[in-house]
Amino acid sequence: MSDLKVTGIDFLKSQNTQQHHTDGYNIKNLVVRRGQPFQVQVSLNRELRPADKLSLRFGIGENPMKNRGSLLSLKPEREDFNGWKISVVKKNGKECLLSVTSSPNAPVGKYNLHVKTDTNIYKPENGAIYLLFNPWCEDDVVYMANEAQKKEYVLNDTGYIYVGSAYSIYDRPWNFGQFEEFILDACMYLLDKSKLSLNDRRDPANVSRAMSALVNANDDNGVVLGNWSGNYINGTSPMDWIGSVTILQNYYKTKKPVRYGQCWVFAGVLNTVMRCLGVPSRCVSTFDAAHDTEENLRVDIYLNERGEKLNSLSFDSVWNFHVWNDVWMKRTDLPNGFDGWQAIDSTPQEQSQGRFQCGPCPVKAVREGDVYLPYDSKFVYAEVNADRVYWVVKKVNGKEKYFKVGTETQAIGKNISTKAVGQNRREDITQEYKYPEGSKEERMSMQRAYSFIHPSGLMPRSGYASTIQTLGGNTQPLVLKEPVTKTGLQLEISNTEALYPGNPLEMAITVKISAPGNWTVDLTGSCQLQYYTGKVKANLGTIKETINLEGTSEMQMPLKIAPDAYMKTLSSVEDEVLILVTAIAEVKETNDKLTKETSMRFEYPPITIQMPEKAKLYNDFTCAFIFKNKLNVILENCKLLVEGLGIFKMTTFEDIMPGRIMKSEIICTPTRLGEKKIVAKLISNQIKGISTEKAITITE
């Protein structure tokens, strides 16, 4: 009787990938999710008989071995092997239909399938099967019950990243592109590079921590090299990316870090990687995020006597915004109560266990103040809860002295934002990270956090301030509400005209007092340009006024900056800069002091996309981009970047004069069904990025 031999194998790709929600991946191989059955059709040289030996062998890694768990040998109808099982669905002559169910906690990665019959081994073409996490499987720790959430957090390949400042939040469309060519392979390469053991690959907590380390280039030659210097001459400026695809494809091709990124680029790429591997993931932006290097829940801001913020003094900083990611999972390594969203951050800020990695930190641990839980919960807690303390540096008898002019306890970690599920709008998720300011729960959470952190009293601690005798300030660490001033002094900062580049910047500082009596208020105000990391780029102007207020009243002081004072700086920087206004008020009669700062972003005219609402698969359609320069300045070195629908295009333009219209057209050929998006961005020396996006539905 002839030996049983396999003559072919059909991976039934279209049926399997639809059932596994993996039909989007642009790859020849079969991609499936763990814990869920998939079928393969095996063709044999003769009928299968009861005495025949047939086994499917799944091997992972360089040298798969049974005793290491990296080689699984599955025989039909036998007991399961490491939680995997296989059964015969039907036999039809020489055809045999098999169903394979992997374990819901199988290591994720790339498995090679061989079929063994008697003494023969059959190695199919494209026989590598990619096994991913499965949010559709109740026994997988990344299980997510809500269908709309899975559609957003696993399957949506575009989205928004929120940036700007708390005063003016705006959305940057981003093309995650987790299904594009080579992206899954790049993620598999990162998994191999992470050196995670096979066992560690079972747990999304280990995988997400490893990915947070590998998405930055620090200490492991990871994907993106961070650069906040303002000089991007030998790479791509962080502002010029509008998606993760080009970055991951270049990295996979060259195996060298891609230059350059800042926080939203790291978060965009990490979001792509996690969604690609099957872990529900979202980009999270926090406004006024503290970078508290000493983990004592305090960030010191130093001002000179003109009210201008000083760069050089502090290692700590408050970023106008910071973007990280939340990934969804059960935490089997922690006590109960910490499942759900976990914060991970791939922006290289602080080392954790010797590497630039951060998380996963349970969002619930941040809210409850359980900052002893792994990983990096102290750092994440401080990012959204630190106090901001203002000091004025004055020369007294030739020596520098520090005077405290205000503490803000509710200024850090505002407007925590992510894209809403199934909608193109911002969802505020601050309440997932924090209890309402001033509530009893917040107080208890804060006391709990402080009991693990031990802040070091209140003294200035800049780069060299620690050697100076302190002013004997307040050493009570727990400030739970704004200090109540005797006069009810309040400050508000706003812009009175739209902040268009090329126009005067017109702002106002409003001083309010609520106590009866006559009050003399010394008001200092300054305007600066700063990077989103809080670093000052240029001083634009200051005002100093003494005003008299009677009883409950208010007064508005204008602060106006001429275009000449800032346009040169604005055109010379590669980064988007924000307008920072700082005000210090002192009531002479009571010595009440108050400091307030507000960051605002420049405003730009819009760019519009014209294209049909629907198009047919593989049928060309035209997409037009239109922009009218409504600014009073010439836009030099214009670039239009377009991504989406498999298109990656950059067009350069001559200068666009004021009042002129730019129009650009491209031809698109859709290759995938469903709702798809095009993302576009216009950049010039004077404007650092006007983004827009538009959806189109592709039908058969």
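Backbone N, Cα and C define each Cβ position, glycine as well.
Straight from TrEMBL, the features:
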- Cys263: active site (ACT_SITE)
- His322: active site (ACT_SITE)
- Asp345: active site (ACT_SITE)
- Asn385, Asp387, Glu437, Glu442: Ca(2+) binding site (BINDING)
- 255-348: domain 'Transglutaminase-like' (DOMAIN)
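Distribution of TrEMBL features across the structure.
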residue : record              : contacts (Cβ under 8 Å, 6+ apart)
Cys263  : active site         : Trp319, Phe321, His322, Val323, Trp324, Thr347
Asp345  : active site         : Ser212, Phe266, Ala267, Trp324, Asn325, Cys358, Gly359, Asp376, Val380
Asn385  : Ca(2+) binding site : Ala290, Leu297, Val366, Ile412, Gly413, Lys434, Met446, Ala449
Glu437  : Ca(2+) binding site : Gln410
Glu442  : Ca(2+) binding site : Lys434, Tyr435, Pro436
Secondary structure content, the domain 'Transglutaminase-like' (255-348) (per DSSP, counts of residues):
15 helix, 40 strand, 39 coil
Cβ neighbour count (within 10 Å, all chains shown) around His322 (active site):
27
Overall pLDDT for the domain 'Transglutaminase-like' (255-348), taken as the rounded mean:
93
Please work out the number of neighbouring Cβ atoms within 10 Å of the Cβ of Asp387 (Ca(2+) binding site), leaving out its own Cβ.
23
